[in-house]
Amino acid sequence: MTDRVLVLNAGSSSLKYRLFDGTDPVTHGLVERIGEPGGDAADHAAALRAVLSGLDLSGLAAVGHRVVHGGAEFTAPTVVDDAVCAAVRRLIPLAPLHNPANLAGIEVARELLPDVPQVAVFDTAFHATMPEAVASYAIDVEVARRWRIRRYGFHGTSHAYVSRRTALLLGRPPAEINVISLHLGNGASACAVRGGRSVATSMGMSPLPGLVMGTRSGDIDPAVVFHLHRVGGLSVDEIDDLLNHEGGLRGLTGENDMRAILRRRKAGDRAAALAFDVYVTRVKEYVGGYLALLGRLNAISFTAGVGENSPAVRAAALDGLTGLGIAVDPDRNARGESVISPPHSPVTVCVVHTDEELEIAEQARQALR
Ligand code: ADP
């Protein structure tokens, strides 16, 4: 056995892993409630030790780590050394919910597998190709520079993978096509991909803006924050919680799972119907905006939990766009075929199963080449 890659995705209280032999998944698993009473492990080190003890790691070529925020520094998968760890640590203020856990995963893996190269694969890296006009916020340039405030974008491994799969479905090289990739999972983002490179994405400095998500509000007037603080008396932490954890579908309906919302909507629940409409309207706004940015569009791809599984969301998000060359065939959509637009549509609409772990494994190998 050679060319095995272990992919680790360390969250604040969880550790997801998947072992690949070439492109074949060998095994995968999840350690949960790390550090919590009654949880699977006392800390990340214990969790990884338990994972490693159950795996056949002969021929392990690399460990690929998902890292959420790479800032402006990391524009490609990067072999980890002390300087990389220090840089990921410096980026913690930009991703306080994610980078500490990602870093813990890296440090523990370096300790337990000292002879295996560790590769950091950043969610932000794919978006490094965004033009400055898209990445810049219109605020005081000195303030922006000092605090590293700009659009970074996330879900990069998914958008990279999905846009390449889309090119395969179209039978054309990625460099020749323009794609809008719609990652609609618990987190959600849209990405405009021109010739294989990200030119715009809906998340920003953080994963909060853009589309409506399970518990995140997506786009909101920033003055809402001042208002809630000054007039509503909420603390900054309370507002953070409201927008990041109690917003989105949960804010609108009390639940963050699209399946529950679809059921309630069918049963005539008005809050669920509104949540659905807000959700698909936001997707449509981004599709229209990115169509204009790209100028020419070959494909739209739906991916992740909602995008791969909900014909209702796909149909509603693209409803009424035939004048723009965008249409969904109801039967193909209901069957969840990989191409759901009618034959000979100017824009091919696709359903693509995303595989972020496989993409991380591939990128880890690339980084070692
Ligand atoms: P994550 O962003 O956590 O990786 P996923 O991409 O797995 O999430 O998406 C999870 C979400 O997908 C769930 O919260 C649920 O709302 C949605 N989902 C899963 N299956 C379906 C389905 N059959 N129909 C509609 N939504 C679904």
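Keep in mind that glycine also has a Cβ here, set from the backbone N, Cα and C atoms.
Automatic prediction, not curation, is the source of TrEMBL annotations.
Record features, source TrEMBL:
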type     : residues                                                                                                      : note
BINDING  : Asn9, Glu356                                                                                                  : Mg(2+) binding site
BINDING  : Lys16, His183, Leu184, Gly185, Asn186, Gly187, Asp257, Met258, Arg259, Gly305, Val306, Gly307, Glu308, Asn309 : ATP binding site
BINDING  : Arg66                                                                                                         : substrate binding site
ACT_SITE : Asp123                                                                                                        : active site, proton donor/acceptor
SITE     : His155                                                                                                        : site 'Transition state stabilizer'
SITE     : Arg216                                                                                                        : site 'Transition state stabilizer'
Filter the candidate list Asn9, Asp123, Arg259 of recorded positions, keeping only entries whose CB is under 6 Å from an atom of ligand 1.
Arg259
The residue listed as 'active site, proton donor/acceptor': nearby recorded positions from Arg66, His155, Asp257, Cα cut-off 10 Å:
Arg66, His155
For the C-alpha pair, I'd like the distance in angstrom between Leu184 (ATP binding site) and the residue listed as 'substrate binding site', rounded off.
19
Where Glu356 (Mg(2+) binding site) falls in three-state DSSP terms:
helix
Distance, Arg259 (ATP binding site) to Arg216 (site 'Transition state stabilizer') (CA atoms, angstrom):
17
State the count of C-beta atoms found within 10 angstroms of the C-beta of Arg66 (substrate binding site), not counting that atom itself.
23
In Å, how long is the longest CA to CA span across Lys16, His183, Leu184, Gly185, Asn186, Gly187, Asp257, Met258, Arg259, Gly305, Val306, Gly307, Glu308, Asn309, which the record gives as the ATP binders?
24
